[in-house]
Amino acid sequence: MTLLALGINHKTAPVSLRERVVFSQDKLGVALDSLLQQPLVQGGVVLSTCNRTELYLSVDEQENQREQLIRWLCEYHQLRPEEVNSSLYWHQGNAAVSHLMRVASGLDSLVLGEPQILGQVKKAFAESQRGHSLSSELERLFQKSFTVAKRVRTETDIGASAVSVAFAACTLARQIFESLADVTVLLVGAGETIELVARYLRDHNVQKMVIANRTRERAQALATEVGAEVITLAELDEQLVHADIVISSTASTLPIIGKGMMERTLKARRNQPMLMVDIAVPRDIEPEVGKLPNVYLYSVDDLHAIIQHNLAQRKAAAVQAESIVQQESSDFMAWLRAQSAVETIRDYRAQADELRAEMTAKALAAIQQGNDVEAVIQELTHRLTNRLIHAPTKSLQQAARDGDQNRLQILRDSLGLD
């Protein structure tokens with residue numbers, strides 16, 4: 001058995017490719033079932049966010065395991081291997097362990113140290129738990145990674161400055177508009193990222209916010225909290241005309257705002273400029289919208305420059321965090337190596353117990369037949385000793401014949417002779 005991590009993220013692929021390998025939440029169970037039908041896969045977790053899609057797996061080691069897993073990924077998403085091969089990364093053993101710990105701790109995020117990723121990792125883990133898709137090794141690894149993330153959060157200043165994709169979107173809005181108090185903001189979606197954006201905007205005196213969502217019920221609690229109006233996606237077309245800023249993050253698999261819709265909006269607005277920030281993957285806003293006059297469209301990838309500006313405070317803390325990850329990954333690998341001996345130890349103990357039971361039964365039978373107790377005990381200990389030392393003696397003799405001094409020393413250590 002070996003642990004693997006196979007993935008694609010914001011560092012290796014643009015959003016145009018990442019959105020094609022997203023696993024939608026409502027079909028994640030189906031994907032896990034399909035993944036576990038692969039003969040080499042013992043357990044799996046699928047992590048799919050706007051910035052990464054990753055498979056964490058425990059597998060039976062095979063020569064072509066990489067090719068098998070990439071083939072499954074491509075077939076599932078109807079992609080050709082040559083479309084993704086150069087963007088995929090592959091980690092095995094300790095590298096896979098360290099990678100997950102870094103991801104859970106926010107050390108591999110677009111925004112260094114951002115806390116949202118830990119919740120996303122926990123959600124992916126819970127989905128695999130519900131689907132009984134975890135091996136014992138994989139379950140232990142994820143639990144350990146949650147502990148590591150907590151250590152990083154409490155023992156370093158990695159989360160001291162509040163930066164995230166949501167924060168970056170709001171920073172962009174503040175850079176473009178002198179005052180957010182006088183603008184109308186339309187938020188599309190009601191998920192975690194939009195919640196963060198809405199709270200940030202409220203704290204920066206945005207007076208007019210509208211939340212558009214597929215259902216009013218999901219958005220109403222957030223709207224009440226931040227003082228926003230709620231509309232459905234069906235009302236989006238007529239509401240866009242009033243929006244100076246649009247920030248969108250839904251789980252839709254197709255664009256919600258298209259070029260035609262925006263052409264009508266701009267005409268009604270008499271070409272007043274609009275800032276549009278699309279932080280969804282797959283994208284909510286058709287890329288062609290960005291080519292329209294007076295529309296300033298930014299995607300997740302465009303936020304990268306803004307985010308880089310906020311990294312300086314976290315880099316020193318990241319060095320300390322990496323040290324924690326290195327220590328914890330080494331400890332986990334030591335535990336994992338020890339597990340390979342568990343079955344051998346179990347078999348050895350079972351063999352010894354079987355021998356003890358056999359010898360005891362013979363001794364008791366001899367005593368019941370009237371044989372001298374002391375003589376029976378002497379015979380018992382003699383036979384038990386011979387049986388116990390038989391296999392080690394043969395191994396010692398073979399090591400001596402082979403001239404294998406290392407094996408001889410290992411056997412001496414195992415037998416407690418030194």
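The backbone N, Cα and C atoms fix where each Cβ goes, glycine too.
Under the heading active site, nucleophile, Swiss-Prot lists CYS50, citing sequence analysis as support. Mapped onto three states, the DSSP output places CYS50 (active site, nucleophile) in coil.
The substrate binding site annotation in Swiss-Prot covers THR49, CYS50, ASN51, ARG52, SER109, GLU114, PRO115, GLN116, GLN120, and the record cites sequence analysis as its basis. For ASN51 (substrate binding site), the count of additional Cβ atoms within 10 Å of its Cβ stands at 23 [all protein chains shown].
Listed in sequence order, ILE211, ASN213, ARG218, ALA219, LEU222 are the same-chain residues six or more apart from ALA190 (NADP(+) binding site) with CB atoms under 8 A from its CB. What Swiss-Prot records for GLY189, ALA190, GLY191, GLU192, THR193, ILE194 is NADP(+) binding site.
If you look up Swiss-Prot, you'll see HIS99 marked as site 'Important for activity', on the strength of sequence analysis. Under a cutoff of 8 A between CB atoms, and with a sequence separation of 6+ in the same chain, the neighbours of HIS99 (site 'Important for activity') are ALA5, HIS91, ASP108.
Annotated pair THR193 (NADP(+) binding site) and CYS50 (active site, nucleophile), C-alpha to C-alpha distance, rounded: 11 Å. Other than the site residues THR49, CYS50, ASN51, ARG52, SER109, GLU114, PRO115, GLN116, GLN120, same-chain residues with C-beta atoms no more than 8 angstroms from the centre of those residues' C-beta atoms, the substrate site, are GLY106, LEU110, VAL111, ILE117, VAL165. Considering only the binding-site residues THR49, SER109, GLN120, THR193, the Cβ with the fewest other Cβ atoms within 10 Å is that of GLN120.
Each residue contributes its Cα atom, and for GLY191 (NADP(+) binding site) and GLN120 (substrate binding site) those atoms are 12 Å apart. DSSP assigns GLY191 (NADP(+) binding site) to coil, not to a helix or a strand. A count of other CB atoms within 10 A of each Cβ picks out GLY189 as the most crowded of the binding-site residues PRO115, GLY189, GLY191. Residues THR49, CYS50, ASN51, ARG52, SER109, GLU114, PRO115, GLN116, GLN120 are the ones the record ties to substrate, and the longest Cα gap between any two of them is 15 Å.
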